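Down below is the structure, laid out as structure tokens.
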Amino acid sequence: MKAVVFAYHDIGCTGIEALLEAGYEIQAVFTHADDPSENRFFGSVAQLCAEHGLPVYSPEDVNHPLWVEHIKGLAPQALFSFYYRHMLKQEILDIPSAGAFNLHGSLLPAYRGRAPINWCLVNGEQLTGITLHQMTMRPDAGAIVAQQAVAIKWADTALTLHGKVRLAAKALLDAELPKLRTGDISLTPQDESRASYYGRRTPADGELHWDKSARDLYNLVRAVTQPYPGAFSFAGDRKLTVWKATHIAQDSDMLPGTILSQDPLRIACGEGVLEIVAGQAEGGLYVRGAQLARELGLVAGMRLGAKASSALRKERLTRVLILGVNGFIGNHLTERLLKDGRYEIYGLDISASALGRFIDHPHFHFVEGDISIHTEWIEYHIKKCDVILPLVAIATPIEYTRNPLRVFELDFEENLKIVRYCVKYNKRIIFPSTSEVYGMCDDHSFDEDESRLIVGPIHKQRWIYSVSKQLLDRVIWAYGKKEGLNFTLFRPFNWMGPRLDSLDSARIGSSRAITQLILNLVDGTPIQLVDGGAQKRCFTDIEDGIEALFRIIENKGNRCDGQIINIGSPDNEASILQMAEVLLGKFEAHPLRHHFPPFAGFKRVESKSFYGDGYQDVSHRRPSIKNARRLLDWEPTIEMEETIGKTLDFFLQGAVSTGVEHD
């Protein structure tokens, strides 16, 4: 059987050797060039291929059309991925006649994503393993071919566990590869209810937080000890790395991080005591814990913790400037940031109608104003704040055709000024792009880094919003590349929930779909389905969306710098008609139903009569959320039906309280 292989690491070498032993004809191997900054403790796929005379490549973009055509020309019957670090596009996965298969270092569906061996140890698991599964565009989500379990012992480190998993991988492949050749395999779909996903780890994730239990800290030490960067802490500003430790079930009345003794070097934790068996001062040697204590002058009563200079800096709250703070996203984001307690919010908007619950908060500062007028205030606060979120935009479809020039002036020209202030004062900008930039993209799911951005002809003015946002995306990207602007672009996919628009805005047609439909129910007018409501969207609960946006602001390990991130819920895909039917069902069952007129039915209308000349719609808009999973460790959790119920309840409560009801 002919095979193309994507491989890296020891597991990659193991996979190639297993294929050769099973009689597969390997036509090409794709791997990664070694990263000089990485401590490479594993075998070289490139070297192994050279020894076996296999053609090996390391393209910068294996999904480039030239490489796709090259792989098609090889006509492989099977494709294998063994610890290859890049996602493969569907176009490549569709090439092999017998399928594409990946080897993942966990017992799926648990521990999808990056660094599963390290994460298993961090979480104190007692069992992991290796899984051979079909490849899909969703990472590690395809049907399972076979699994082999590996027991985790208390003394295991990431290195020893990796060795066990490698041996399990060899045994699994030896058993399954002959079956794959003959087609004698059975596939088991993954149980999504048991799925978990973990993102990449960075050296910063190794910091020891002494308020945790000694058991948890021991697990962290063994998860990141050599050859990984190691767990670490600080004595003042002096860094020490803990390479080996043990935990002691001993109570202590000392504050977490307090040194209890020098020899042995023992530290009080939130629960129990951690003994540092071996460690290393920055620039020093690997030594026993007692010697490390002497070298750093550590004595009983001193405390370890965060770097002293960093801790002092962290005492100041992070200042966040939100322009458009009264809007749907700005309002919910303010609530989330203030709840966290580490942020001070400066907000500007033309109204404070939804801000009453924040006005008296000591960390919330609001000015009523227009971004096109209050330019001096904006420039001063951009200079003053740490993170800038310009959320002001016209984002309702009817305005794209009704007021295209106003859309351009506000959404592009005014926001470009803000971008340039951020460049001038070297400030981090988190810019709200939009799912609209993908336009009529024909991909199954829209990928931030790969999908084409396709819009209609010039006379279709509805695209002025999309291209205004897209051009700003490109300008921000260019400023990042050429002038060092620190940015993140996020693209919301049909976020909805309480406070989305208002019934008054819906009355003049200037609202999003669900608000318009709720108005029809409240007023007793027919629900208007533009072009029959067949258009599909992926509806995302505002709570899920805000949690992802909060993590972008938090930016652990600076992972979000220079990134584009879709934020949406692919599993909540439904047509506008389906959404309307769910909404109607919840409306009829609502305790306030008797306040409103009878349901007036559905009415199909043409888009031209509803939106006017220049409108053009798209059939589907489904996000790839691989970047959100990888960078934010985020997954949407709330189903569309729940979101519709919350949104409906908010507007019905408001309508009854203001007297907008049926007599």
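Yeah, the Cβs are placed from backbone N, Cα and C, and that goes for glycine too.
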Listed co-binder of NAD(+) (same site as ASP370, ILE371, source Swiss-Prot) among ASP340, ASP349, ASP442: ASP349
Rounded Cα-Cα span from GLU436 (active site, proton acceptor) to ILE371 (NAD(+) binding site), Å: 23
Top Cα neighbour of HIS104 (active site, proton donor) in the set of recorded positions THR136, ASP140, ASP349, ASP370, ARG621: ASP140
Nearest of the recorded positions (ARG114, MET137, PRO139, ASP140, ARG621) to ASP349 (NAD(+) binding site), judged by Cα-Cα distance: ARG621
For the region 'Formyltransferase ArnAFT' (1-304), the mean pLDDT of the predicted model: 94
Chain-mates of ASP349, ASP370, ILE371 with C-beta within 8 Å of site centroid, NAD(+): LEU323, GLY324, LEU348, ILE350, GLY369, SER372, ILE373, HIS374, VAL392
Nearest of the recorded positions (ASP370, GLU436, ARG621) to ARG114 ((6R)-10-formyltetrahydrofolate binding site), judged by Cα-Cα distance: ARG621
Nearest of the recorded positions (ASP370, GLU436, ARG621) to ASP140 ((6R)-10-formyltetrahydrofolate binding site) - Cα to Cα: ARG621
Candidate recorded positions ASP370, GLU436, ARG621, pick with smallest Cα gap to ARG138 ((6R)-10-formyltetrahydrofolate binding site): ARG621
